[in-house]
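Novice: Provided herewith is a single structure, encoded as structure tokens, for subsequent inquiry.
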Amino acid sequence: MNISNKIARICFKLQRPWQSNRGLIGDCANNVTDISPRLLSHQPTVNSQQRVRYHPVTPSPRQSCVVAFVLLLCAFSSFPKTGLAQSLPVLTPTTNTAIERLNQGLTLVQQGKIQEAIAAFQRAAQLNPRLAPAHYNLGLALRQQGHLQPAADAFYQAIQADPNFALAYANLGASLLEGNNLEQARESLQRALEIEPNLGVARYNLGLVLTRLGDFKGAIESLRRAISLSPNAPEPSYHLGLIYFQQGNLEEAQQLLEQATRINPQYPEALYNLGIVYFNQNKLEAALNVFRQSSEVNPNYANAYYGAGLVFLNQNRGRDAQKVLEYARELYLAQGNVEWANNAIQLLQQLRNERY
């Protein structure tokens, strides 16, 4: 068995353009008067049968399409953790009742009552269909609940109400990306960047779309721009590192993945893929160290144990390899990942054959 080939296969099996449905925190772009013709002549469609499949990991504030959960308050908005700091537009309410419902929904979001918040945002949008933040926050809440098509519809209604709403375009693009509607996603994200060229979350998601489309040159450019716009966000460095690894540029991949883990030491996927890079550089102890860190951050991250098993096999530490590979197999089975459970079983069988 070619261990290097197998571990490379693992890396790109895990290369989710969205680290899950968790995303960077973004904010609303300033309004711009210079608007080109309408992007979409019809409402976007998310293909639910092509929804992005996420590798089973514990939720974290990342993942692979970035949906910015922004609380659009009338005059002020506070942003949790990392974000793309830009000024918020002042909302001009047309009805006090709609604004009251909007603010009620925002309060419910802060309380973790997402379903109740959805109802409040829906009511605000009914009372004032031109209140773009009502549609926008409805889309965010629906997206958090995993309802991709309704979220895309809500973001679309937000840009109907306010054609200058760059972040609504960015999040529409993110939802379309998760639904694997790549061309529509690219158009929506490019439109967001026409309105607000420095919207880092749109640059990042465009990089993910271009990666999926095979335009690696464009993806690299977009992700590098996202890094410069959002230096405290680990995701752009992570995905750019994966591209360089795929191209065989291990040194560049190492630097970027190390950068991602410096920004967020609790990033199990970045730690794991950094281990993949070290493994391919024959830095076995360094690889083992980051695999261990990855498993400590997320004890249910089967790939970390699988990677450690490969290191142990290369170090002729059969007993240690057997222990972690058996654990990886059980995790894969529990998570419904039959393919990689079988890979672990094959390595265990290889180990038994070598003993006898």
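Cβ atoms are placed via backbone N, Cα and C, with glycine included.
These numbers come from a predicted model, not from an experiment.
What TrEMBL shows for this protein is this:
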REPEAT    98-131  repeat 'TPR'
REPEAT    132-165  repeat 'TPR'
REPEAT    166-199  repeat 'TPR'
REPEAT    200-233  repeat 'TPR'
REPEAT    234-267  repeat 'TPR'
REPEAT    268-301  repeat 'TPR'
Novice: Report the DSSP secondary-structure composition of the repeat 'TPR' (200-233) as helix, strand and coil residue counts.
Specialist: 27 helix, 0 strand, 7 coil
Novice: Averaged across the repeat 'TPR' (98-131), what pLDDT does the model get? Just tell me the whole number, please.
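Specialist: Across the repeat 'TPR' (98-131), the average pLDDT comes out at 95.
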